[in-house]
Amino acid sequence: MSVTFGQLIASAIGAGFAHISGPGWRATVAIGAAPAIGLGAMLLWCPESPRQLVAHGKHEIASDVLARIYPASTEQMRRDKIRSIEMSIEEATSSVQAESLWTSFKRIFTTPETGRAVFTACFVMALSQLGGFNTLMYYSATLFSIVGFNNATAVAITVSGTNFIFSIVNLFLVDKFGRRILLTVTVLGMAVCMLIAAVAFHYIPIDTHTLELESQSVGWPGIVVLVCIICYVACFSSGVATIAWIGTELIPLEVRALGTMLNTVTCWSTNIIIASTFLSMMKGMTPSGAFGFYCGICFFGWIFIVCFYPDVKGMPLETIREVFRHGFGRAYSKQWQKDNKHTKKVVHQTFGH
């Protein structure tokens with residue numbers, strides 16, 4: 001939510017400086033440095049990590065830092081906390097020593113259940129990028145200019161605003177309905193929106209060599225494209241945008257660090273592909289072809305989710321590990337949800353409120 005709010009503010013600032021000649025774009029870049037400078041200044045008052053201090057044998061300094069973080073704590077409470085941190089560090093160190101990084105990496109590709117878990121998490125992350133969302137974020141002003149909007153930068157704020165609003169909506173939906181249901185509905189919605197936008201682009205007179213509008217006004221196809229993009233962003237933000245990142249919950253603890261790394265690499269590598277090919281696709285395939293291509297990716301992703309993505313709502317981490325020992329675990333997780341619901345019902349009937 002903080003990320004999407006920042007994107008909204010950045011879009012608003014960009015729209016404000018878009019029509020200022022001379023130093024307009026330079027001012028936009030300079031404003032972007034302000035939060036970084038502020039954060040750097042605040043680091044002077046940021047306490048060091050107690051865990052890092054304990055790991056380097058600086059127990060007294062760690063105790064002082066804990067006293068700042070927990071002003072109401074007693075000396076005994078701080079000693080107990082430091083002892084707990086020491087035990088955690090020793091356990092983590094012994095675990096790392098027991099299994100090398102290369103062994104952990106091989107486990108992902110040689111252990112079927114681990115490989116399936118990592119693949120599922122990375123697939124959803126790839127879908128979040130290859131489905132076309134970031135082309136709308138990076139090139140929204142260009143797109144709206146192509147379809148005929150005069151103040152395209154201001155219109156592009158609707159994309160960032162929708163992204164922010166529906167990232168809040170996701171907070172209330174993801175645990176209530178579960179990841180699988182949310183993905184099933186929203187990814188299909190993304191595919192439908194891209195399909196309608198592709199059809200609408202067919203009726204917009206665009207010079208594919210220059211990507212310039214050949215008419216002087218915004219017709220009904222341009223309005224349809226705008227509505228489809230807003231609906232697409234709403235589906236994306238309320239579903240796959242967040243689930244792609246929390247998908248690391250599927251990965252077993254012993255390889256979660258490496259799995260998270262692979263998930264992040266998947267994110268940015270596919271992001272680079274989308275960002276670097278979008279304008280070329282618009283010219284080579286026409287806007288209709290480009291949006292139809294993204295529709296196909298979303299639809300393919302929807303098929304994978306329907307057929308393979310397990311419902312892990314309310315599952316302990318140990319149970320999630322068990323899910324992928326039964327293939328991709330869709331049937332296993334479905335049965336677990338039924339049994340869990342029945343158990344809760346029996347407990348409620350037995351013990352009441």
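The backbone N, Cα and C atoms fix where each Cβ goes, and this holds for glycine too.
Look at TrEMBL and you will find 1-313 tagged as domain 'Major facilitator superfamily (MFS) profile'.
Look at TrEMBL and you will find 28-46 (among others) tagged as transmembrane segment.
Per TrEMBL, the feature transmembrane segment maps to 117-140 (among others).
Annotated transmembrane segment per TrEMBL: 152-174 (among others), in sequence order.
Taken from TrEMBL, the feature transmembrane segment applies to 181-203 (among others).
Beyond its flanks by at least six residues, the transmembrane segment (223-246) meets 4, 124-125, 127-128, 131-133, 136, 140, 143-144, 147, 149, 155, 158-159, 162-167, 169-170, 173-174, 179, 182-183, 185-187, 189-190, 193-194, 196-197, 200-201, 204, 263, 267 of its own chain at Cβ-Cβ distances under 8 Å. Taken from TrEMBL, the feature transmembrane segment covers 223-246 (among others).
Taken from TrEMBL, the feature transmembrane segment applies to 258-279 (among others).
TrEMBL lists 291-312 (among others) with the feature transmembrane segment.
Between the transmembrane segment (117-140) and the stretches 181-203, 258-279, 291-312, the greatest number of Cβ pairs separated by less than 8 Å involves 258-279. Most Cβ pairs under 8 Å with the transmembrane segment (181-203) belong to 291-312, among the candidate stretches 152-174, 258-279, 291-312. Within its own chain, the transmembrane segment (152-174) has Cβ neighbours under 8 Å at 1, 3-5, 7-8, 10-12, 14-15, 18, 136-137, 140-145, 182, 226, 229-230, 233-234, 236-239, 241-243, 246, counting only residues six or more beyond its boundaries.
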